[in-house]
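A short write-up of the structure that comes next.
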């Protein structure tokens, strides 16, 4: 099969926004105008096509980023047909992992803002992620029909809050209830969409007289922003010559691709106005796969490799999402960076070093599927039934293996114990958790060796709520949830010498006798965690009993004498003891060793260690005092701050036990405008008062 759409006419874009900016409605309208969907879905009645998981429809928030393919030739059919792959990204802070993942596979993004609420906190987090992956973007100010809508205020906020160089491409005609349409500042014409056919058709009209001056002023700003693309345009602009429409658009495109400006459109998706012109802007200003740098990767011999967006290069694709579909099982969403693959072909998973067969390939339209025979560079599609592919794996040609950059997934920050309500739920729960962990790399499952409980960990309280909710709905598993937990450790601070342990029983018949003398000493934290040194001379303890001494001590390490937590960073030197020809046995020496260890541990200045997290908070400057004050109350050690005019980054080390509920507290302190990340850093000694409280609580159990 030949390529149907040249790769230069592809646009892989994400639609990304704060919760409630109307992103899903905007995506819906894109599907409607591009002719994919014949009935408009409204989020208000839970019927949007992009939000396809039950909970999303109930909660009215987007959780799974669905990828959809649509075609567009422009409002006035002025372009050749372009293929737009839309990736809908979630806007909630607990799902930033999904946003980050979709940022990897996008070439450009449309940032949707609410004309009333403006640039919201989550928009700042998403913006930082888009900066990290250098994604060119345009903005769409939605909800112009709402009370309190103010387009130019949002254009300003993109500058002041996000540091984005925003330029208005349009001005709204009227606002709130009187929102009629927009003025195209390049053509200097008013666009009036036809309400009778839900905005499918429109007319160009003259700009209302009372807006002419404002439009001319804004157009001058737009043209100047375009002229800065090159010296010759600057000369033309300053000598008073008019730039042609073509020159303006080419120059704006050049600056958007270089991430130097953010063109801003406006409209009301709900009222069917503005999305059509925004789609034109996607084609005019956002990059095709061939406009962005070749994706980098690592070759088999550890050298750096790359893949250009071309059908002629070896096949390379990145799996960016795994979803479970009720009818076909596993769907692996992937983005093809280079080459061509047909259904039935075998590909190589270079991360897991396994071969996979591409059985069926489908292109998704929200929650409907169309089966296709091949995919080419630039395509986004889903494969059905791949066996062992995880998020972030590379699928490539076996004769040209490459690992495209691994995605970095943040460490989970909160853990809770889950237990099935009935015996029947027990088996189903294991299966359900395994499936959910495969879909979502920021969610982990493990069994606590000390308590035997199943522990689930994730990115926040909402994240784990939704996991438990999905277990109930999709896998019909009912479970009880425990309280968030912290894993402590025990160790010693001083060396004790010549501690004796003796196990002797003479009760008629064969007795038991084991006798050891040990030294116990602390080890460096970064070391092996435990060492056993045998210094027995002259056979005072026969060689066959030495391993039993080591084993007896290791069994004690699993549950420390202080509060039953694992013991780390201790060394034992066995240097004396005695035995009995008849009564000594491995068991007797094991018991003697454990008695000696317990006795020595109590004298070696035992302490409790707690996990310390490396915490980074990014907050607007206005809230720095509150954030630092709150961190200090959480026993934080603040290591420093980096600031620019939009955001202050605070680095701190905080005990994990003090971080529960932090996301909620931080949101309320900063009106939701700050974000934070944390990862495990080290174990450190817990202050006496804290340690005593923990030890008392454990004893009470």
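Note that Cβ sites are derived from N, Cα and C of the backbone, with glycine treated the same way.
What Swiss-Prot lists as domain 'tr-type G' is 8-290.
Residues or ranges marked as GTP binding site by Swiss-Prot: 17-24, 88-92, 142-145.
Within 10 Å of the Cβ of residue 144 (GTP binding site) there are 29 other Cβ atoms, across all protein chains. Cβ-based neighbour count (10 Å, all protein chains) for residue 89 (GTP binding site) stands at 27. Cβ neighbour count for residue 17 (GTP binding site) (all protein chains, 10 Å cutoff from its Cβ): 28. The predicted model assigns the domain 'tr-type G' (8-290) a mean pLDDT of 83.
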